[in-house]
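Have a look at the structure below before the remarks.
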């Protein structure tokens, strides 16, 4: 089809064919190719089903005899069916990737949004064969039959184990695990853990060989992983522990209450730069960046606590800047991606997000408990300074624990190791060459040589280049779909930061809430993260497509922002709390779906190296926080009466723009 594209380009340039003819012919050929894939897939599913049925008859006879050697032979026969099923899944995955690539090439060659037209007309049709490739479910029945029969053959305490009698027991069979991984990769199945892992933007790699898994197991160190998760938790606590008291602290130093925006945002300003050098540093070491991070955070919190007695706003801001320079979240992500075995990487990614959510809730809650005041020598301990002292001690303890327990991996991040699997399907194709049930649909050897020769130039331009070497180079790799997803991420982080950072000022002005009440309110918002993700990850994503959830969540965030405006002189607590809850909860839902789609539409060259997709999303979110906090401080000069409505205008405009951009790129998000 790529050869056909070249011919179409030449014919249209010479005037032999017009664009409408090209569209019709190309659509017909693509329909034919997809039909061949689907019919072959159904045919192979039938073959596998017949083999399982034949083996089932043998199993029924064998269970009465309890012949252990024959049980082992039968189990191996079932596993052989599983291996063929894995090859079939890889074949479908390779062709699904081919469909995406040929649509992308057509758009690029002709400057025409053919993808939008094709997906709109084919994917939503009741007889859609495109859906059979991307959302097929027939293979799941074959997987279920394999799992059930292998479980029956597994001896368990003198009896044959049933997956139906013991639903809590998971069948630990390597073939079934590989099959499940291939199915999840193909269908983008989304469990609760996977939904949480998407927040971390840590890409899951393809199945590795047994030797690679063994090497991973040998180099894996649980305590080092735990230290990375604790670092994530403490950093989020450190970020949000000052939110309920930042306005009081700024007033005590002679500044306006709205300067709390600058105090909170200064940490994000420094994080814009620290994310880059920590990402680069993690190419060579994990231990040294974590030590440096701990020292910077310890020093920053010490200055934050001392600023009260020194009566210096500059010292306070310097302390927060140092805390931002200690943001090692890029290192935490990289450690999970590079040093955690594939079989538990999903749980580790979910742990990363859970640690962040827990820290976000614990920060304000801890601030609410620090409502005491006393002096020791010339040092003052009160609700403003105690967050700094508490975090200073916490980072000191963490630094000692890190120094004693962290184990540097035997290898560091190298380009060949860190390269995440791209969607080119090259590895899949290589595996299919060895033992391929799909040979009737694959090109003959001679044709493949021609295709390889034809692709040489393209491979040089697309695949021979390494990862992006700068932010500008990374930006050039962004497609319109990726830019829209980054815009959405910027919007949701902007809205959340406005809500959280100005909460103390707004609630004090309108409702006269105390610091303890503000702390409880913020902690309650933070505690909604995991339950909401559990509901969305376990149920909602099984009922709707990611792009549908994306649009619905954006609309709900927009509704939450509109509800937050003060339309009348009287601003009530129910209005504020309900609008804040809607905005925060659906922003969290939006974040998970957004990062899931971002990892799917992003170039494979942005899945590795220093300037990777995770760094770009972190920078977008951090910039959003910086701008939001600066907006709060700037709007504060207009007076507290106008603060709420003025700060809500930018997220309202950006949210509307992101919804419009999503609609324009909707058909590319599949």
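Including glycine, each Cβ sits where the backbone N, Cα and C put it.
As the structure is a computational prediction, the values presented were derived from the model and not from experiment.
Among the residue ranges 386-406, 407-427, 428-448, the one that TrEMBL annotates as transmembrane segment is 386-406. Segment contact is absent for the transmembrane segment (313-331) and the transmembrane segment (352-374), given fewer than three CB pairs below 8 angstroms at sequence separation of 6 or more.
Between the transmembrane segment (486-511) and the transmembrane segment (225-243) there are at least 3 Cβ pairs closer than 8 Å, counting only pairs 6 or more residues apart in sequence, which means the two stretches are in contact.
Below 8 A, the CB atoms of the transmembrane segment (386-406) and the transmembrane segment (290-307) form 3+ pairs separated by six or more positions in the chain. Relative to the transmembrane segment (648-669), the listed stretch 549-567 leads the set 225-243, 290-307, 517-537, 549-567, 573-598 in CB pairs under 8 A. Across the candidate stretches 225-243, 290-307, 549-567, 573-598, the maximum count of CB pairs under 8 A to the transmembrane segment (352-374) is reached by 225-243.
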